[in-house]
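Novice: Questions regarding the structure given below will be posed in turn.
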Amino acid sequence: MFLEGWNDGSTGPLLPTIQRSYNIGFAIVSLLFVFNCLGFISGAMANVYLDERVGFGKVLVIGSIFQLAAYAMLGPGGPFPIMCAAFGLAGFGISLQNAQANGFVGSLKGAQTKFGLLHGSYGLGAFVAPLVATHFATTRHWSFHYLISAAIGVFNTAMLWFVFRLRKQDDVLAEAGQAAVEADSTRESKYRQILGIKTVHFLSIFALIYVGVEVTLGGWIVTFVQQKRDGGASAGYISSGFFGGLMLGRLTLMWLNQKIGERRIMFIYALLAIQLEVTVWVVPSLVENALAVSLIGLLLGPMYPILMSYCTQVLPKWLLTGCVGWIGGFGQAGSAVLPFMTGLLASKFGIGSLQPLIVSMMSTLIVIWAFVPRVRRVD
């Protein structure tokens, strides 16, 4: 999850440099997000099949190898089509690992707290990456940033193999003294079962917009600040501020989520985030914008762990990994769809179109969450 956060946090500071290096506009550079999206959705679909056929441990390692291969392709700074293909491979690998990680943690006792820690790791990776990427964005060999990504990818693959030893999830749970997940008592296809649950579709759409808002803001805010607030190359640090807030929100606000209630707190976080986003839109101050973006990260941070925790309370246990894999993969596609939409709008109306898009998407989150059923186990 740290490496997944590192991946998402790397793109924003490098975007202006990538545009200059390949002499391309907003619309073309946004193709990176399109291929990323194709990878995420492909991974979400493949996860259901692979989880049943090869199991938890092997799927994790397969995903990590795809991600590592992507960084090996990106490191030399080759032609732009190679970069697009690599983003697709990275999306596929991340989608598999994301699905298995969320499914595994959702099966553990005390999942609510553990989801906060799991996704806090994502926030840490996304916080550190812009600090490093901002440095590389000012150098001739900017693509060498991905060599560091590859080194972390090697460590990630080795650790996933060493800790889980390619075993199935039930075997790992048994070793920890926890009962295996209840078996599927039906003969119906898992794809049909998952897609037949209405709640899955509401949660998937929420995840898509949420992740899209998170990655779009954390990525394009650098370009926005450089062009609209006269920020220099160091504007990449604002992206770090956003993801740092995201990490702190996931780690420090768990008590508040439980005190107020996970369902109710989601509305509060979204409303406060919208108000802060409006200030970024209308207040022409670099310092205010940087502070507001960090606070928005703090408020958005707890939303994804709450979403995943909610899944464990309303979805059947035997379908949990497949369901959260689909929801997570569909959600990760948002990290490609919304940034791509931003790129298209920016090419036509300028980067100032970022803020109204973010505000409208945050407002949509509130509407969708209102349609998500209250906690009730679906068996």
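Placed from the backbone N, Cα and C atoms, the Cβ positions cover glycine too.
From a predicted model like this one, the values you see are computed outputs, not experimental measurements.
The domain 'Major facilitator superfamily (MFS) profile' feature in TrEMBL is assigned to 1-376. Among the features that TrEMBL reports, transmembrane segment is placed at 24-49, 56-74, 117-138, 144-164, 200-222, 234-253, 265-284, 290-311, 318-341, 353-372.
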Novice: Tally Cβ pairs under 8 Å between the transmembrane segment (24-49) and each listed stretch (200-222, 234-253, 318-341, 353-372), then give the stretch with the top tally.
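Specialist: The listed stretch sharing the most Cβ pairs with the transmembrane segment (24-49) is 318-341.
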Novice: Can you work out whether the transmembrane segment (200-222) touches the transmembrane segment (290-311), with the criterion being 3+ CB pairs under 8 Å where the paired residues are 6 or more apart along the chain?
Specialist: yes
Novice: Rank 117-138, 234-253, 290-311, 318-341 by Cβ pairs under 8 Å to the transmembrane segment (144-164) and hand me the top one.
Specialist: 117-138
Novice: Going along the chain, which residues at least six beyond the ends of the transmembrane segment (56-74) come within the CB cut-off of under 8 Å?
Specialist: 3, 7, 43, 47, 50, 82-83, 85-90, 92-97, 99-101, 103-104, 143, 146-147, 149-150, 153-154, 156-157, 160-161, 164-169, 172, 321
Novice: Other than its close neighbours in sequence, what residues sit by the transmembrane segment (234-253), given a CB gap under 8 Å and a spacing of at least six beyond its ends?
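Specialist: Residues 5, 9, 12-13, 116-117, 119-120, 122-124, 126-131, 133-134, 137, 214, 217-219, 221-222, 225-226, 289-290, 293-302, 304-305.
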Novice: Any chance the transmembrane segment (265-284) and the transmembrane segment (318-341) are in contact, meaning at least three CB pairs closer than 8 A with a sequence separation of 6+?
Specialist: no
Novice: Short question: which residues 6 or more past the ends of the transmembrane segment (290-311) have a Cβ under 8 Å from it?
Specialist: 102, 105-106, 111-112, 115-116, 118-119, 123, 203, 206-207, 210-211, 213-214, 217-218, 221, 225, 238, 241-250, 253-254, 256-257, 262-263, 265-266, 269-270, 272-273, 276-277, 279-280, 283, 320, 323-324, 327-328, 372, 375
